[in-house]
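Annotated domain 'PAS' per TrEMBL: 43-112, in sequence order. Annotated domain 'PAC' per TrEMBL: 116-168, in sequence order. Residues or ranges marked as coiled coil by TrEMBL: 156-218. Among the features that TrEMBL reports, domain 'Histidine kinase' is placed at 218-436.
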Amino acid sequence: MGTRHDDGVKERPSGLKAILDRFGRMAKAVWHSIGESERSEERQARLAAIVEYSADAMISMAMDGTIATWNHGAEALYGHNAGDAIGKNISLVMPSCRQLEAGRLIEAIKSGKNIRIHDTVHMRKDGSLVDISLTISPIKDRDGKVSGISLVAQDISKLKQAEEALKKSYFEMERQVKERTSQLSTIIEDLNAEIAIRKRAESELEDAKAQAELYIDLMGHDINNMNQAVLGFLEMAIDALQSRGTLGVEDVQLLASSMEAARNSSKLIDNVRKLQMEKAGAFKPAVVEVGSILREVKEAYQHVSGRDIKISYAPEAACKTVANELLKDVFSNIVGNAIKHSTGPLVVNIALSKVTMPDGAYCRVTVEDTGPGIPDERKQKVFERIGKTRMEGKGLGLYLVKTLIDDYHGRIWVEDRVPGDYTKGVRVVVLLPSMG
């Protein structure tokens, strides 16, 4: 198919040439029949140099697969130098597993087909395999007949490695996504289970709330009616015994204690109902004149049957706060508690002033009494919920007071009327945010 020059490139027969792109890929191999007189030696040399020093492996071979030309790119790719490769069959670079494939490609080229891009595997001199991208084209003579085969091979090992790495990364990502999805499914199942538990708990809570409201209604209506009936019967018993002249001192004390117990029972029920309504938000807040509330409380306890009570009210300034209709219960419970837990003459002094604290202005109400007082270790416990303490005489009244004061964003505490001597009576201090 021609003679080899010293530059290592086999001369093309009858002036045939291959046109290659600048990156070494054979974009198209078309051999033109040209006259010897139309091509200069310089042009032939330039074309030969382009082919010889291309980075891609460029090989031409006869129709039987005998290698005719072998450039530097082929030497670099396969490891065979031109002297060793030229004259040998193209099977030199074909691994055994690709021999049949090579035969089919050559037969296709003989029929005039171009095989533009074909990824395959070739074999180097050391026996290692290399991934290549192969372009095969027919070489035609001046009569248009296929007289040879042109082969351009490009090493795509790094591209394959990158593809493999990308594939592994994809599969790893897919694995992680499946794992995370599985974890998420478990979390969702747990959340659904927790939601179901919470819904069940909410339902049970609603049932318990409804049951509690039923009991409160029962106490507020039926039991309270029974208490009133008991009070009525006790009063009738006292009247009957007095009319017969058989009412002794001990009898009076027993009957009076029974009546007091019935009244306390009614008061407790009333406080429970008010506490439940307060928690449910049944009482709407409004701006309240504190002084008018205190005057009403003072009038209510001005005369207590069977007791020597002196009660006074001394306002230093008018003061308003945001509260609801239960504000009167706050001070009624405080004054009533002082009367309940004392014997003999009692003095109760109520005072109202307006004070400025670091966090704002407050209505300051103090209720002092000359009763037995409260020891220091019991001062904080007086506001605890019933059932948390066994303190004698403890009821729900002051717990209701503390609950209401908290709802009004105020403060309440107990201190000695005479500092250092709790036996001289109690001073209850209430602070309510001032609205003017």
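Using N, Cα and C of the backbone, Cβ positions are placed for all residues, glycine too.
Predicted automatically and left uncurated, TrEMBL annotations should be read as such.
A quick note: this is a predicted structure, and the numbers were derived from the prediction, not measured.
The domain 'PAC' (116-168) scores a mean pLDDT of 89 in the predicted structure. With helix defined as DSSP H, G or I and strand as E or B, the domain 'PAC' (116-168) counts 12 helix, 30 strand, 11 coil.
Within the domain 'PAS' (43-112), the DSSP-based counts of helix, strand and coil residues read 40 helix, 11 strand, 19 coil.
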